[in-house]
Amino acid sequence: MTKYIFVTGGVLSSLGKGITAASIGTLLKHSGIQVGMLKIDPYINVDPGTMSPLEHGEVFVTKDGAETDLDIGNYERFLDTSYLKSSNFTTGQVYSAVIERERAGGYLGQTIQVIPHIVGEIVKRIKEAGEGHDILIVELGGTVGDIEGLPFMEAIRQMKHDDEVEGTFFVHVTLIPFIKAAGELKSKPTQHSVQELRRIGITPQMIIARSENALPKTFKKKLAMSCDVSSDSVIEALDAASIYDVPISFLRQNILKPISKELSLGELNPNMEKWDSLVKKIVQPQNRIVLGFVGKYLELKEAYKSLTEALIHAGAHLDTRVDIHWVDSEKIEERGAEALLGDCDSVLVAGGFGNRGVEGKIKAIEYARVNKIPYLGICLGMQLTLVEYARNVLGYEGANSIEFDENTPYPMIYLIDNFLDQSGNTQLRTHKSPMGGTLRLGEYPCDTLEGSIIRKAYHGEKTIHERHRHRYEANPTYRKALEDAGMIVTGESNGLIEAVEIKDHPWFLGVQFHPEFTSRLQTPNPSILAFVEATLAISQEE
């Protein structure tokens, strides 16, 4: 039977529950344990697919095409494992399932209530996510005391006494504020948070204490006594130079000892040598490059979480610090690309939706192409390379994507009416289709061209597999004209254009897929690694 570790948060949000869960999972995995991960989101949205990146951060796409919380990305990057749609569910999904079952007569006339029906559905989903794993780590979004989280708290409380559950362990992540005027660390917020948990019926067995300052031994003992945990179960979580240093910090504090004791896991000795070596290269690299990151959601950098982490992964393997120079694409429209990208060693244009900042991205692409600067365009960043090339090389005045101009005389990017999904089924869509769930999502194969940059990046693989999240496609009508003018299609999937390159450019690649979704610290994505490697090599030649 599966054992469960539940991670909750107290005092306030954004304390790092996801990194905590991922770090514990990493140490357990490196100890030879089969670990599953689950993020529960108490919001009522069915999924984050239609939520603003500026409000929620990045939407992470799983291998099987689910639009999930960005913490699933943290789990994959830390544990070097691909998780599926069962690794994330929301209040919206729970209520939808219960209401649908009620409408179909599945409850045989019962009055549907939070207890037992909603809570029962939550428990069922947690157990399903745990199937096939030795341990399932469950992160509960939000903060203890939130109204939205109460049914989930009740569900994990009930699982303590479930005969089908072999063991449970509760981890509580909380804040230890430092009052500068008094020069003191304060434990009261944590004590009150633990008291709130106890009122619900949950007693945490471990406290992860987030703090800017180191916790003295006397303070740890006081915290342990007031929260009714053993002294070795108070784990200090200081601000780290890199999030990838957190598992190492936890290991130094012997975090696995109380977990192993409670869950009867035996002696655990995780092998973290390779991990530690990569972290040292992140913190103290030998080389440095400056990358111009052109985007539109710069008010919240979390909107590009997977991509910025993928650049860190690549840099670690090349012993290089990738300094990101953030460039708002709307500012390029005002000031020009040269003014904002002139000091950059390479240019990356990220994906996005909507026409805000599009012309600025096109100017950035032109700047990288004309000045022979290494360039990587992802999703919309690839689509706009076709638009830029059509306008400025082919002379197609007014060329555009129909996403931004339905009446363009040269629709370089168009809405494909039907496509084959992951199961091989034909999907139909139009511009009137609902926004939620109508994208091309998940992992698809891509056939690469021999001798191309992308074939070389993937070590000669003829067919690669990467994840997608987009609605529009490159229009094959203009393929011959583009290729005759020097822009070559180097990646295809069932007739769809997946990657393009430019003949007379040292390193220029546009990809329709999102390579960042498959990048991990120990196994960086090949196309992003090749991009950073080319940037470093060309910058060192100058």
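In case you wondered, yes, glycine gets a Cβ from its N, Cα and C as well.
Annotation source Swiss-Prot lists active site, nucleophile at Cys379, citing sequence analysis. Taking a C-beta cut-off of under 8 angstroms and a sequence separation of 6 or more, Cys379 (active site, nucleophile) has the following same-chain neighbours: Ala350, Gly351, Gly352, Arg469, His470, Val511, Gln512, Phe513, His514.
Marked as active site by Swiss-Prot on the basis of sequence analysis: His514 (among others).
Listed in sequence order, Ser306, Leu307, Glu309, Ala310, Ile378, Asn525, Ile528 are the same-chain residues at least 6 apart in sequence whose CB falls under 8 Å from the CB of Glu516 (active site). The annotation active site is assigned in Swiss-Prot to Glu516 (among others).
Counting every protein chain shown, the Cβ of Ser13 (UTP binding site) has 11 other Cβ atoms within 10 Å. As annotated by Swiss-Prot, UTP binding site applies to Ser13, Lys186, Ser187, Lys188, Pro189, Thr190, Gln191, Lys222.
In the three-state DSSP reading, Gly381 (L-glutamine binding site) counts as helix. For Gly352, Leu380, Gly381, Met382, Gln383, Glu403, Arg471, the entry in Swiss-Prot reads L-glutamine binding site, with the evidence type sequence analysis.
As annotated by Swiss-Prot, domain 'Glutamine amidotransferase type-1' applies to 290-541, with the evidence given as sequence analysis.
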Beyond the listed site residues Gly352, Leu380, Gly381, Met382, Gln383, Glu403, Arg471, identify every same-chain residue whose Cβ lies within 8 Å of the center of their Cβ atoms for the L-glutamine site.
Gly351, Phe353, Cys379, Leu384, Ser401, Ile413, His470, Tyr472
Among Ser187, Gln191, Gln383 [binding-site residues], residue with fewest other Cβ within 10 Å:
Gln191
Taking only the binding-site residues Ser187, Thr190, Gln191, Lys222, which one has a CA atom nearest to the CA atom of Leu380 (L-glutamine binding site)?
Thr190
Just the number: how many Å between the Cα atoms of Ser187 (UTP binding site) and Gly381 (L-glutamine binding site)?
48
So for Met382 (L-glutamine binding site), how many other CB atoms are inside 10 Å of its CB?
26
Sort out the sequence-distant neighbours of Gly381 (L-glutamine binding site) for me: same chain, 6+ apart, CB within less than 8 Å of its CB, listed by position.
Val294, Leu348, Val349, Ala350, Gly351, Lys361, Ile365, Gly510
Out of Ser13, Lys186, Lys188, Lys222, the binding-site residues in the record, which is closest to Gln383 (L-glutamine binding site) when you go by Cα distance?
Ser13
Taking the Cα atoms as reference points, how far is Pro189 (UTP binding site) from Arg471 (L-glutamine binding site) in Å?
46
